[in-house]
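Novice: Just dropping this structure here.
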Amino acid sequence: MPYEHQQIEQKWQKFWDDNQTFATSDTTDKPKYYAVDMFPYPSGQGLHVGHPEGYTATDIMSRFKRAKGFNVLHPMGWDAFGLPAEQYAMKTGHNPADFTSQNIDHFREQIKSLGLSYDWNREINTTDPSYYKWTQWIFEKLYEKGLAYESNMMVNWDPIDRVVLANEEVIDGKSERSGNKVERKALRQWVLKITAYADRLVDDLDDLDWPEAIKEQQRNWIGRSKGAAVFFNVDHADAKIEVYTTRPDTLFGATYMVLAPEHELVDSIVTAEQKQAVADYRAAIAAKSDLERTDLNKDKTGVFTGAYGINPINGEKLPIWIADYVLASYGTGAIMAVPAHDDRDFEFAKKFDLAIKPVIAGGENDDVAYTGDGVHINSDFLDGLDKATAIDQAIDWLEAHQAGHAQTNFRLRDWIFSRQRYWGEPIPVIHWEDGTTSLVPENELPLLLPHATELRPSGSGESPLANLTDWLEVTRDDGVKGRRETNTMPQWAGSSWYFLRYIDPHNDHQLADPEKLKYWMNVDLYVGGAEHAVLHLLYARFWHKFLYDLGVVPTKEPFQKLVNQGMILGANHEKMSKSKGNVVNPDDIVREYGADTLRVYEMFMGPLTQSKPWSEEGITGSRRWLDRVWRLLIDDEGQLRDHVTTVNPGDLDKIYHQTVKKVTDDLENMRFNTAISQMMVFVNDAYKSDALPVTYMNGFIQLLAPFAPHLAEELWVRLGNRESISYVSWPTYDDTKLVDDTVEIIFQVNGKVRGKATVARDINQDDMITAAKADDNVQNFITGKTVRKVIAIPGKFVNIVVS
């Protein structure tokens, strides 16, 4: 009887559903294990074969930990707000909720077909009002603590359609949808003060079991640096420019200054002669994104303001320019330029014929900036000093002369939290006509997103919610009129805390029960793509730390261990994409080969964290191996083979116990590919055996179960077991069976190998010597000669010295 994967997989998926096999209890004395996948955005395309890789990894660990006696929480949900659903709705005239619901149903069906052991009773959906009630509640707490504020921020603006565009909707400076040229425009936004947590977000990375590359990306994104704030008076003006620099020791080398075109002082310091040039330049760069402006490879542009700053350390006048490579949102929006020792400043100075003054010894080429270390030159009281000493003395001088002070800075900017979109969590704020702002009362949460069938831009830059006047306009008891906030939250909001809601998803009175949070947190294993290294992971850590400060959660960090699965590439080693025609649909694989085959193949392709190309040969090879496992135990009539027996002749002892040890060790370290390799070795040896001890077959099927759960459940029952394999205790190994009872020793005559033999491991020296002298080849070299000496090392060799 062949291995009928469709019948077997449907049977056991129904069994797991009917019996709530993977429902998790909160009341147990077992140790806990909490495994979370980065939950998916339910797109219209459905799953691709990259999704099951990470999901299978967490599922294997969850099944393994259950068998090891842990109480496992392994949930799934949907990050379901997002731009694509709104774009689809605007094209079709449908509400995005309907489209999203259909997509979720499709995703759920696909995921269930993979045999993943999720507790579906804990399923969450970020668009569910019972969920986003608590997203809104967190926002209100941030607002109450002064961590949510309003500010005018630059956005992408389509001046024809009069709509704000997300960065991904702007292609080559034009709207992807309309083709109109995009401008940059200041618009009122809600902002979260993530910078208040910058130090803790850096320092606490040291306590996490995360890939070092991810931690380094977060450190770089936060960009903590120590330096100095330096104040430059503007010549002949009542104005002062503050600059932050990590190298105050190079002040003597500053030869010009640059302000961001949007800097608040530009209008007040620009001279009449330069006013038009400055205005023209600002207009020319208005549509550029921050990314375009700071591209290191682009041609440097800028305009002189006509004004000069006074270098506080030597009194020199420095021309003040504006240039797009300086951003108003970064630092103070102003820099002091030291072109002799900074590549970008050097290129700018060369293009505009500005002075270049070396202050660090070591540069030998006038055609490039010298960015290395060296002693200071041309720097007055800093001459001859090394970098560290010079920095300290420069800061001391600035502070003594009230021209600056030591300062720690961060590259991290506050989080622009609002979106001019319909399909997002409503921000629970009301703006009153008397100029005040208030939160929606907590007992009135959730503030529901109103149903709308026609989504069209407001024309004002506000979201389509501005068109829904019945929802928008409110009146207080005292007759004061107000408007609800029309911005909605970004998709990052719901994903910043969802792992907490899994713990208590049906609680109407709290975000989650404190005792349950105390039991389950932290997340023991968090698996997802490295593309979320910064934004999602940083935002989730920020919110978690804030909730910790409120006393809502018991831990400082949400995710103790993070694993990034590698990308599954097309067969040609390129990223899978519809345009390249190399996307593999997992539904097709499950239908033709089975979910267990897909699971085994994706884990066998290579180390989990490495990118790997898809291979049709590989998937068929994995299927052939599962067929071999089936045929090892089941005959052509579908019966258990006769040589599966209660008798153990001992020939599989070593390989079985080696396999249990190897697979167990590999699972603890998530080395799934080598665990499968070891199981393949065991199957090969089992095929050579005349008798298959049922205890060893049971143990092997338990090892296989996390990888191929449907097949394992079926074979487990056919081996005579009654309960589901899911909670059966993990097999153990016997250390004494891991080594051979015999050992190979070599026989030497005068130090040259003349023979070898397999002997008992505990053989004594006398018996070793007897065996050596009895060896036919050894006898050829010692017969007729005098034995001078015999050296015998137990378990190693015998050396007979003759003459």
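For all residues, glycine too, the Cβ spot is worked out from N, Cα and C.
Per Swiss-Prot, ATP binding site is recorded for K578, and the stated evidence type is sequence analysis. As annotated by Swiss-Prot, motif ''HIGH' region' applies to 40-51. Swiss-Prot lists 575-579 with the feature motif ''KMSKS' region'.
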Novice: Report, as numbers and ranges, every residue of the chain located at least six residues beyond the motif ''KMSKS' region' (575-579) whose Cβ falls under 8 Å of a Cβ in that stretch; write 'none' if there are none.
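Specialist: Those are 45, 48-50, 567-569, 614, in sequence order.
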Novice: How do the residues of the motif ''KMSKS' region' (575-579) split into helix, strand and coil according to DSSP?
Specialist: 2 helix, 0 strand, 3 coil
Novice: Within the motif ''KMSKS' region' (575-579), what mean pLDDT does the predicted structure show?
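Specialist: Computed over the motif ''KMSKS' region' (575-579), the mean pLDDT is 78 on the 0 to 100 scale.
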Novice: Near K578 (ATP binding site), which residues of its own chain have a C-beta under 8 A away, given they sit six or more steps off in sequence?
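Specialist: Q45 - these are the non-local Cβ neighbours of K578 (ATP binding site), listed in sequence order.
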Novice: Helix, strand, coil: count each for the residues of the motif ''HIGH' region' (40-51), based on DSSP.
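Specialist: Across the motif ''HIGH' region' (40-51), the residues distribute as 2 helix, 0 strand, 10 coil.
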